[in-house]
């Protein structure tokens, strides 16, 4: 391999290593702290809210949902579906209820989606699973006042793919009112030559057909009325920031209702961890989107 190619590969590895861009602690420590924060937040949510755990949305082992339910029986109940991060190979729904407490307390149903991370699942399967999870939620919760999505990192990619779905093959037409895409990846091609792709084993063809940046016409047809927030951390890597900025600009140019949130004093991890706090900027923005501020 030539020197410039080695340099390019090294730089891509760095750009797609979010833990190495945190200003708070070392790369290993920030990941450990992230997992601990998500677990603690989820344990708290499970201890103080009503839950329905491991609700199947398909026949696969990983095709389960955790539902966090408000105690009030208001007819005006928005529902938020959360897709976790972890580079499609790490984390699960079992650490994904952390954001439920401030939302459930305001009368929002929160659904954390499990999907088959690599190496057990590949990218085509994961995208299919999150789409089917939404179909199942709509069928089980037909009385909700509005459907919203939130995803972090790999989960933001999956949420964007849900927004870009041709729903005719599912025989439904979901009205997704809003979507929060937090520190996501919207073009998968740059990660093909990095460590991220080792368990995923994506070819270029697979990466292209699962890149939201290639499906703007479909998103415009499927989610024209959706209110989309593209959020990125101040201390995300330049490549993560570039992907969010470019995806936002593409959505804006397509005439979609989209806003960009550059969240100060955050990195790739605490930008989502802080959703446990009802006074955090993104929590307040999410509640406002759902008419619960």
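Glycine residues also receive a Cβ, built from the backbone N, Cα and C atoms like all the rest.
According to TrEMBL, the protein carries these features:
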- 80-268: domain 'Alpha/beta hydrolase fold-3' (DOMAIN)
- 84-88: motif 'HGGXW' (MOTIF)
- 153: active site, nucleophile (ACT_SITE)
- 236: active site (ACT_SITE)
- 268: active site (ACT_SITE)
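Features per TrEMBL, on structure.
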residue : record                   : CB count, 10 Å
153     : active site, nucleophile : 27
236     : active site              : 26
268     : active site              : 25
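Across the motif 'HGGXW' (84-88), DSSP assigns 0 helix, 0 strand, 5 coil.
Separation of the C-alpha atoms of residue 153 (active site, nucleophile) and residue 268 (active site): 8 Å, rounded to the nearest whole number. Between the CA atoms of residue 236 (active site) and residue 268 (active site) there is a gap of 5 Å. Per-residue pLDDT, averaged over the domain 'Alpha/beta hydrolase fold-3' (80-268), rounds to 96.
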